[in-house]
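Since the structure comes first, as structure tokens, the remarks are kept for the end.
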Amino acid sequence: MSNMKLTAAPASEGSSFFANLRHKMPKDTGIFVVMLVIALTFEIAGWYVRDQLFLLNTNRLVLIVLQVAIIGIIAVGVTQVIITTGIDLSSGSVIALAAVVAASLAQTSDSLSPMFPALVNLPAVIPICAGIGVGLLCGLTNGFLVTRTGIPPFIATLGMMVSARGLAQYYTQGNPISFLSDSFTAIGQGAMPVIIFFVIAAVFHIALKHTRYGKYVYAIGGNMTSAKVSGINVNKYLVIVYTIAGALSGLAGVVLAARVSSGQSSMGMSYELDAIAAAVIGGSSLMGGVGRITGTLIGAMILGLIKSGFTFVGVDAYVQDIIKGIIIVAAVTIDMRRNRKKTLILSTSGNGEGCRCRPSCPEINKILPARLRLSVLPALRILYSFATSVVHSSGATRGLRFLESYEYTILWQILVALASGKKGPYRHAARGAGDPGARSGHEFAGQRGLP
């Protein structure tokens, strides 16, 4: 028996050591290792299949990074939308609309198309701002539709996707806009797209992690009802998030038009799916409240490696799309299983070990026996309705403030918990609302337990 204890102890110490090591590592370490494994796999495949270098070829590496830059700019905005439990399907079409508008204002006098106003030799800043402004307006429209009309984000952005693509085709009549000024195309040449991407990623990484904006975005995604109760103007910040996503899509369209020296209504096809895939692969949860810009950056690199790697070894483009779809489904499935597992852990630990603030079921049973609980819970609901109607009818300012306060909601959560005898109908707010790796905000479960 003593031998059994001696052999069991090292296993426990080893598991605790690896657990501590995992917690000390950066949160994107796992996805970064996956990226390295994919790169190494294609490098080895290149040696055997084509007898050539893959990433060790500098020209190919530069091309991959340039391709990733455009998707990455969009994905930075899409990540913020996903964190708020939203979705943006319009980014690809917004790219096309922004690109053709910017290109039409960047034409030279020798090749001016008669379809557009005779505005030639304009400073590069004008077409750049015009393209970004078009994206900003599209994002603002998305935010307005989601917050003011109550249309689900999927439907609102789907409508914008169709409308923006149609506007781009109508604007150009299906013709490409070429021969753009050198001052405009300069922002798409060389390393400029990559520099723009990294600057955008750094700015919003800091904004999400260290500013009030980021804390509110994570709070809205973690629990929108709790965010409203705690005083956050949810609609305002949702509009800001969608507007930022639209503006970044417009910027991506401008950079793409400058890079290829042309504006076409067919630009940006399926870019929105690549951006969503980059965010999800990078750790953003479609359930909201979780996501990091650094993870999205790595996710975009993984997509770029997969696309370039399969092309390198001779895999057909249609097969690449199939594989990309499988990867997206796998990433979403893993995320949903992880969220389901967390929910089960929080809801099934009866002695409060899963959450420090949760009273154990035996304690609740001691406070209120089963028969008494059955009668108290309806009484609490009646009391809640009566108190609410009295305060609203009297118009008492202090009473209304108290009814809308976070503390009042928590008070009723506790009362219902005691009356119903449920295991853990509430939990504390997530520690560190700005932590990008955790569900954040004034988060408490048991919203359905409210009277």
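Just so it is clear, glycine is given a Cβ too, placed from its N, Cα and C backbone atoms.
Automatic, uncurated: that is what TrEMBL annotation is.
Transmembrane segment is the annotation TrEMBL gives to one range among 279-306, 391-418, 419-446, and that range is 279-306. In TrEMBL, the transmembrane segment annotation falls on 151-172 of the listed ranges 85-106, 151-172. Across 118-145, 184-208, 279-306, the stretch most heavily in contact with the transmembrane segment (30-49), judged by Cβ pairs under 8 Å, is 279-306.
The largest share of C-beta pairs under 8 angstroms with the transmembrane segment (61-83) comes from 237-258, of the ranges 118-145, 184-208, 237-258. Ranked by number of Cβ pairs under 8 Å to the transmembrane segment (118-145), the listed stretches 151-172, 237-258, 279-306 are led by 237-258. Packing against the transmembrane segment (237-258) from elsewhere in the chain are residues 69-70, 73-74, 76-78, 80-81, 84, 86, 88, 90-92, 94-100, 102-103, 106, 127-128, 131-144, 146-147, 180, 184-189, 192-193, 196, 200, 204, 213, 216-217, 220, 267-268, 271: each is 6 or more residues past its ends and has a CB under 8 Å from a CB in it.
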